[in-house]
Amino acid sequence: MGKIQLPAIIHVVAVLVSAIVITIPATVVVAVPLGRLVTPEFFNNIRNKAGSNCKGKHFYTRRAFLKAAKSYPRFGHLDSVEESKREIAAFFAHVSHETGESDPTYLILLLVVSDLCYTEEIERGTYCDSSAVANPCAPGRQYYGRGPLQLSWNYNYGECGKANGFDGLRNPDIVARDPVVTWKSALWFWSTSVRPTERKGFGETIHKINGMECNHGNTDEVEDRVRYYREYCKQLGVSPGNNIRC
């Protein structure tokens, strides 16, 4: 058997190494743990705005949020850290708007803002769509807004329950009673209805959550959501991006 020359071996190894290097993506995105983005400081800055009489102040916790987020591992993990931060900012902007209150208490331009205050909708209704045959309304149950994103309607309660292991049709109250389930309801709605269009800009997320506010339907509500979004983007150290209104 003839001997293999050393230069030939070096050449073969070099070719193999080059092939391996070529298969490595030019940009490698390193996932940042959600808890390092939604820090205690970030979360508490939101929760501490709630008044002492707000039920949500102690109901909505960071610990429950992070536990619920384990069921939605893609949340806060987009193609870049910047996009991930924008998603987090957008999510909590809507949460703050949906659960908070702003009252002109002292002067016209001085507002008292309470975020993460409400766990249930104030003006409650049945919210039963009889045409949703796959998720029929249970007798005596109401499907008004509950939780961080105010989950509403029987079809949403039914599907959310199926995805998260609870009976949303027979026991809709659990969304406003269980601190982990309540965050799961928000993350479920975000992941199924909002997130697919989130990259089109914050304005599109407004359209998905409450399209009636768009196209000058309710400018004040839109601006309130945008204000929160800008604030949270600033806290997370990321630009708001384009198309932030609808």
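Numbering starts at 1 and runs along the chain as displayed.
Cβ atoms here come from the backbone N, Cα and C positions, even for glycine.
TrEMBL: automatically predicted annotations, no manual curation.
Taken from TrEMBL as is:
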TRANSMEM  12-34  transmembrane segment
DISULFID  Cys54-Cys117  disulfide bond
DOMAIN    54-76  domain 'Glycoside hydrolase family 19 catalytic'
ACT_SITE  Glu98  active site, proton donor
DISULFID  Cys128-Cys137  disulfide bond
DISULFID  Cys214-Cys246  disulfide bond
Other than its close neighbours in sequence, what residues sit by the domain 'Glycoside hydrolase family 19 catalytic' (54-76), given a CB gap under 8 Å and a spacing of at least six beyond its ends?
-> 34-35, 37-38, 40, 43-44, 47, 84, 87-88, 91, 99, 114, 116-119, 148, 164, 179-184, 187-188, 190-191, 195
Secondary structure content of the domain 'Glycoside hydrolase family 19 catalytic' (54-76), with strand meaning DSSP E or B | 12 helix, 0 strand, 11 coil
Nearest to Cys128 (disulfide bond) by C-alpha distance, among the recorded positions Cys54, Glu98, Cys117, Cys214, Cys246, is Glu98
Hey, what's the Cβ neighbour count for Cys214 (disulfide bond) at 10 Å?
-> 18
Within 10 Å of each Cβ, count the other Cβ atoms and name the one among the disulfide-bonded residues Cys128, Cys137 with the highest count.
-> Cys137
Measuring CA to CA, name the entry from the recorded positions Cys54, Glu98, Cys117, Cys137 that ends up nearest Cys246 (disulfide bond).
-> Glu98
